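Feature annotations, courtesy of Swiss-Prot:
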TRANSMEM  13-33  transmembrane segment
TRANSMEM  35-55  transmembrane segment
CARBOHYD  Asn80  N-linked glycosylation site
CARBOHYD  Asn101  N-linked glycosylation site
TRANSMEM  108-128  transmembrane segment
TRANSMEM  133-153  transmembrane segment
CARBOHYD  Asn177  N-linked glycosylation site
Amino acid sequence: MDQQRTGDLNWRLSAHPITLLFFLGFRIGSLLMYLFGVLFISDFVLVFILTLLLLSADFYYLKNIAGRRLVGLRWWNEVNTSTGDSNWVFESSDPNTRTINATDKRFFWLSLYATPALWIGLAILAIIRLQSVIWLSLVGIALILTVTNTLAFSRCDRFSQASTFASSALSGGITSNLTRGVFGRLFR
């Protein structure tokens, strides 16, 4: 019989299965509502609103809950009221106090990068089929929301890895950390 290992794409191996199911549910739900909503609901406006609500729920849930629970990353935007400058703030859990489940990590990053790619494909399809502008605007909104989360979490992950590398380099052998980092990336 096939033995399941941590890191396999099986939601039962998740450390946070409810969080993972809601995360994937919002992501898949918005795509399915966009693709098949008109087959079950005759009112276009209702399909548009339901898709928009699912996209908004996905954005909020990923940004504030799933990112923190599944991979220990969180981001937000702060605006300086006196100057009007906007700064992105990244937060990551301490790797010494929290271990990230490999299954959660795989689901998170795979879904994070696959969803914008699917929406880009749907945008190209909408342009080729010359659908109404309103459908294309919905895809545009979906792209803005999913790409924003993708870019923010990618930056947050890079920031997290850089700060972990810097702190471990100061406390231990920099050569072993550099070697481990290079070979770890190549053979992951």
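Cβ atoms here come from the backbone N, Cα and C positions, even for glycine.
Predicted, not measured: the structure shown is a model, and the values here were computed from it.
With respect to their backbone Cα atoms, Asn101 (N-linked glycosylation site) and Asn80 (N-linked glycosylation site) stand 36 Å from each other. Per-site Cβ counts within 10 Å over the glycosylation sites Asn80, Asn101 peak at Asn101. DSSP classifies Asn101 (N-linked glycosylation site) as coil under the three-state reduction.
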